[in-house]
Amino acid sequence: MAEHLASIFGTEKDRVNCPFYFKIGACRHGDRCSRLHNKPSVSPTLLLSNMYLRPDMITPGIDAQGNPIDPEKIQADFEDFYEDIFEELSKYGEIESLHVCDNFADHMIGNVYVQFREEDQAARALQALTGRYYSGRPIIVEFSPVSDFREATCRQYEENSCNRGGYCNFMHVKEIGRDLRKRLFGHLHRSRRSHSHGRSRSPSPYHYRRDYDRRSSSRSRDHDDYYRGGSHDYYRGGSRRSSERHRSSYDSDGSRRRHRSRTRSPVRDGSEERRAQIEQWNREREAAQV
């Protein structure tokens, strides 16, 4: 019996534990779910809920004023965000992977998953980010049970064949460009190869492009000093792309320090029609499995 329960744990056959929360760390039912959400007390993976606000979050491809948005601008906005959050999170440890959801369902939209190499690194990040703000919005961060993103991501989406679109309950991971990925993660991979060949290990990859201004006596800062909160008073941007194009802030008091001159994306309200559509899709899925 114990072996049977262990074999079905976190699967659709498990009637006690929620399989979606186990695989994805998020469930469309939230606290109303009839199955248990076993939240880990420690994990190398963190979930930052609804953190990314895309410019077309209300209607895909359309801004808040009803005007079409160039897909290249949407991607540029996303890569600014991705680089910004990578650089902030990398202060606390070595990042194995960083994923941002492209889903539209309320429990998935804008979710950021970061997996550190060690659990204690994730714990440091959790402690540092709790109670802080990003672009005037509180950061909602918690340990996530996700350990294998292959089980959490939608394979049909990767093949451009998901018929549920943005309301799929599995992760639709928004991709960054090859150049940015190489710049952010390339040094990490080179450092590991060097270590595996017995050479002295390179300096920790999450310090590879930054100087940290730890001075706290003066409130007058260069315009590139745009982070506030946590253990460091300010974070000095060293990347040309980040310092010149992206001005997002991590604030400890909720005050806004906007990035660039963009109008902030409006907060997305829940839609009864959209929820009904999601419910219908899930009923169809459950019926197909019977």
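Glycine too: its Cβ is placed from the backbone N, Cα and C atoms.
Copied over from Swiss-Prot, here are the features:
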- 188-200: compositional bias 'Basic residues' (COMPBIAS)
- 256-265: compositional bias 'Basic residues' (COMPBIAS)
- 44-146: domain 'RRM' (DOMAIN)
- 188-290: region 'Disordered' (REGION)
- 12-40: zinc finger (ZN_FING)
- 148-175: zinc finger (ZN_FING)
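For the zinc finger (148-175), the predicted model reports an average pLDDT of 92. Remark: secondary structure over the domain 'RRM' (44-146) totals 30 helix, 26 strand, 47 coil, with classes taken from DSSP. The list of residues near the zinc finger (148-175) in space but at least 6 beyond its ends in sequence, with Cβ under 8 angstroms from a Cβ of it, reads 20, 23-25, 28, 60, 78, 97, 99-105, 108-109, 111, 113, 115, 274, 277-278, 281-282. Counted with DSSP, the zinc finger (12-40) comes out as 9 helix, 2 strand, 18 coil. Sorting the zinc finger (148-175) by DSSP state (H, G, I as helix; E, B as strand; all else coil) yields 11 helix, 3 strand, 14 coil.
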